[in-house]
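Read through the structure below, which is laid out as structure tokens, and then see the notes.
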Amino acid sequence: LAQSLFALFASSLAISLVFAIIPLCHNVVVLAVVLAVAGLAMGCIDTISNMQLVKIYQKDSAIFLQALHFFVGFGALLSPLIADPFLSDTNCILSNSTANASSNLPHIRKSLVPHHPGNLSHYDLPMKGMVVTRVSYAFWIMALINLPVPIAVFFLLYKERMVPCFNSSSHPLLSADELAMETRPAEKDDLSTAVQRPHAAGGHDDLFSCCQSKNFRGASYTYFAVHITGALVLFMTDGIVGEYSGFVYSYAVEEPLSVVHKVAGYLPSLFWGFITLGRLISIPVSYRMKPATMVFIPPPRCFLITFLLLLIFSYSVVFLFVGTASLGLFLSSTFPSMLAYTEDILQYKGCATTVLVTGAGIGEMVLQLLVGSIIHDRGSYSFLVCGMIFGGLAFTFYAFLLFFHRMYPKPSSDLDEASPDKAAVTDDTGQYQR
């Protein structure tokens, strides 16, 4: 827990620093390095937060995972609204001629986004001159908004006596987790083992414990198959979220739809809005249902059918908005539900979370790159065709996951005690270990 909190503190602080530095980058190589640091920090936060919720709350983790990913969607919906007032309607660099004729500038953006982005080379744009953009303020505002996060994590470290300089001057904030305890009193020592301090565990339960070879001794092939198929499902579904939110605007402004650019700009917000709504609804639902049931609500075939209908009604602007909202709603709970479901199969060791989050991140990166290249070569219609193919693959991998779940041996109490994955019980008080 201490290692996780220190990593979260460093990563969240790095994000604030990166957002403050981005407007000061005047070289693309420097900007690439800064963004790489931001990506590394966000990856650490994503993996550690999911993993620790699973390890601490175990069978109750589905509720907290849904809440966590609700705020992920809420942030994705809110941040463009913060940046929007600082975006320019004109070209950001004014030449001497355009600076003297500023009345013509509002027409530049409209001329830049007709309905044929492939013809942008026909427009002569000033590349040198006075910079008039105010977008730097958006980055600085986001840096300030994020700053309370590392402060809060440091406060938690301080209250838990994990900061070396202040380890005896404060009262512990988390003496026990009553919410996790009262629902399963027989598993108190499992919880205390899962969240104990690294020095109390003798170095056997740290951030990289799931990578130790002892965890794989005697494991059946279904153990690895569940990890792989779960990661492939999230590779596809999270990749669909990334590529759809990234390219639905480009698809809408192209023929045959030719949506006005301002109207098309609402599509990504609509998509993320319904993802956020779906995750908000899933929080109370997951309290009543098991992870295995949550995965079926909605089943993966729903967004596959949505892509099929989007292909059939590809000339309808109205159905594009309806389909975008439906797709966001159907995809909303897939990530947290799949994490809880896979960890439930594998007895909440936390290792599956790392594999699944990594698979989802790779999918979001690879599929956006792939779809962008295909749209450039084959046209905007290939955007929906790619979504249909990815949805079919996600459904296939999901069927394999269900198959391997049935094949996976259910652990008995005797096997659990003899398993090398079982950590030694050191305390039966239900308290967090000091």
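Here the Cβ of each residue, glycine as well, is placed from N, Cα and C on the backbone.
TrEMBL does not curate its annotations; it predicts them automatically.
Quantities reported herein were computed from a predicted structural model and do not represent experimental measurements.
As written in TrEMBL, here are the features:
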| type | residues | note |
| --- | --- | --- |
| TRANSMEM | 30-49 | transmembrane segment |
| TRANSMEM | 61-82 | transmembrane segment |
| TRANSMEM | 137-158 | transmembrane segment |
| TRANSMEM | 221-241 | transmembrane segment |
| TRANSMEM | 263-281 | transmembrane segment |
| TRANSMEM | 302-332 | transmembrane segment |
| TRANSMEM | 352-371 | transmembrane segment |
| TRANSMEM | 383-404 | transmembrane segment |
| REGION | 412-434 | region 'Disordered' |
Any contact, the transmembrane segment (137-158) to the transmembrane segment (61-82), with at least 3 Cβ pairs under 8 A: yes
Stretch of maximal Cβ-Cβ contact with the transmembrane segment (352-371) [cut-off: under 8 Å; candidates 61-82, 221-241, 263-281, 302-332]: 221-241
Recorded stretch, among 61-82, 221-241, 263-281, 302-332, maximising Cβ pairs under 8 Å relative to the transmembrane segment (383-404): 221-241
Of 61-82, 221-241, 263-281, whichever stretch has the most CB pairs under 8 A to the transmembrane segment (302-332): 263-281
